[in-house]
Amino acid sequence: MLLSALLMSVGINSCLCVLLFILYSVLRKQPRNYEVFLPRRLANGTYKRRRNKVARYIPSLKWIWKSWRPTEKELMESSGLDGVVFMRMITFSLKVFLFAGIIGVFVLLPVNCFGDQLTVIDYADWSANSLDLFSVANLKVRSQWLWVHFGAIYLVTVFVCCLLYFEFRYIALKRIEHFYSSKPKPEQFTILVRNIPSSDGSSVSDTVDRFFGENHSSTYFSHVVIHRTSKLRSVVDKAKKLYKEVKHKKPVKKTPMRFFSRKDNTEGHYESVLQEMEQNIRLGQAEVSAPGKEVRAAFVSFKSRYGAATALHMPQSINPTYWLTEPAPEPHDVHWPFFSASFMQKWLAKILVVFACLLLTILFLVPVVLVQGLTNLPALEFMFPFLSLILSMKVVSQIITGYLPSLILQTSLKVVPPTMEFLSSIQGHICHSDIQKSACNKVIWFTIWNVFFATVFSGSAFYKLSVILDPKQIPLKLAVAVPAQASFFIAYVVTTGWTDTLTELFRVVPFMVSYIKRSFEPSDENEFVVPPMRYHRDTPRVLFFGLLGITYFFLAPLILPFILLYFILAYIIYRNQFMNVYAPKFDTGGMFWPMIHYTMIFSLVLMQAIAIGLFALKKMELATYLLVPLPVFTLLFNEFCRKRFMPIFTDYPAEVLTKRDKEDRNDPTMPEFYNNLVSAYKDPALLPLRFSGSGSRNDSLTSPLLSFSEV
């Protein structure tokens, strides 16, 4: 790719970013758009409507300053530890690429430019130069300047590992601090017990009560048996949906003509429909709750956190297949459809998910091959000779080779996060947070494989096959293929990174949906949705740009300023979104950080493998041998971090649990907490529904037709 094509891509995306910034600064101040750009502040009642109509139409950047103001403590209080972990991931990346950027731009880039392996740089016409002239490919074989790159690789590796250690330790301590500062929660006192053995003449509830009463007599408190309620839940969801429609349906004004016309009995019709649904739901609840209809699983609660932890980690039976225990999620985080599926259905679902992921990976190679075809202008002219005249136009060729490939790849990637979330939901996870973590992990490795490896090895299928059949050649193959795609990934960072981050700020899809809904029906100011943060979509994106920056920092240092600008935009925009848009739906307690840590370690090892292959190709034998221990030390460092910090992420230490239990003895709210703990894990589909059929006619029309408890 020529420098002119990159400049064209940068120019187009810079204009889009400025346009989105201006539009956001104006549209966010319009009252009708508050539900799109400020739903969380509306829900909290912390946003005042503007009285100055003129100021609403003047672009302002005050929101940027406001997004910098909240401290980390305030962010944790409002968005939980997951929000803090996400922002720490971005600040970690900023530190890494500020350090790598200084080395890359001020040291490595000048060294690459003054090489003469390819051709002499045309200083008179910078835009006509190839981007390869700014990469390590411009250095000759056995060039002594390659030792500068060798030193840079060691420096960045040590710097990143030190940062990873301090960040892992910081998040682990924050996890303990968050546990100390939080109020007592049901999941801290509860475990999930599965594979409860059948007992003649006893129900599942009696079996659980007798077993834990005998074996955990000093700590056992209560239990809730789980039922299969998938069919019943669909009926309840329909009733709730109808209730919302009736609740927000505006009453029809009576006119003289309507007074003499046939009576409009819409309210009575809906009330009768809801009453019929209520009756069906009650019958369904009675049927599901009948003896013998239970799932052989239960949520078992204890009087203390230490008692729950002891029961969780201790084998409960001589037969290891019975009384299996695992941590209980938050009550509102439970994925209830998981319990309605049989063992065979779960087993088949896991196999189906594996095949679906493989199929999606294969299908995604189509846009990758298309993208690579667009970046090769001579190949396009050869395959489509009738386009030669159009492709000969400089502006058209720059747009096709510099902007269009990244745009196609960006659009294709939009379907991956929701698809992976759906696949994870049928895989057999007991809570929504586990579904998000599983989807996040799938999206990370899907992106790395299909966007990175499939792109760099897209020359031919036989080329990929030769890499698989001869693993020893992987570093050499990477050293050849990865630098060749440097120009594409620079354009990818500009197109996907910058523009995607700005579209996250502008919330294009919710804005369009809101505009269309207002066009067809009047909007209710009190009816809006506060969305949760979609970590499975945004975390892989940030991590992938981190992988690109680490991999290319010594190969093509020109990518580093664009990566750094992306993380600056991400820092400002995501802080703004946490303040104004997203509200936490659940909190994993920082469990996304190990995933982030392992991905960064993979990025380092990948960079080191490419460096070993590159120095081998450049005939730098001594440098190659000196680099071989580097990935070994990196993996040993990762193992040290895993042994040192991961136990805190899997279980809380005994001293932490006992300290909190002692503090609870002096807490006057604990009796009320224990009363609520008894029913905290009751299935929402089994909660009672009530219609307001009593009272006068006017009361029945003005009061809610259906009331229900929310969990």
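Cβ coordinates come from backbone N, Cα and C, glycine included.
Ranges compared are 120-142, 373-395, 465-487, 488-510, and Swiss-Prot records transmembrane segment for 488-510.
The transmembrane segment (595-615) makes contact with the transmembrane segment (146-166), as judged by at least three Cβ pairs under 8 Å among residues 6 or more apart in sequence.
Below 8 angstroms of C-beta separation, residues 10, 17, 64, 67-68, 87, 90-91, 93-94, 97-98, 100-101, 103-105, 108-109, 112, 131, 134-136, 149, 152-153, 156, 482-483, 486-487, 489-490, 493-494, 497-498, 501-502, 504-505, 542, 545, 607, 610-611, 614 of the same chain, each at least six residues beyond the ends of the transmembrane segment (553-573), sit close to that stretch.
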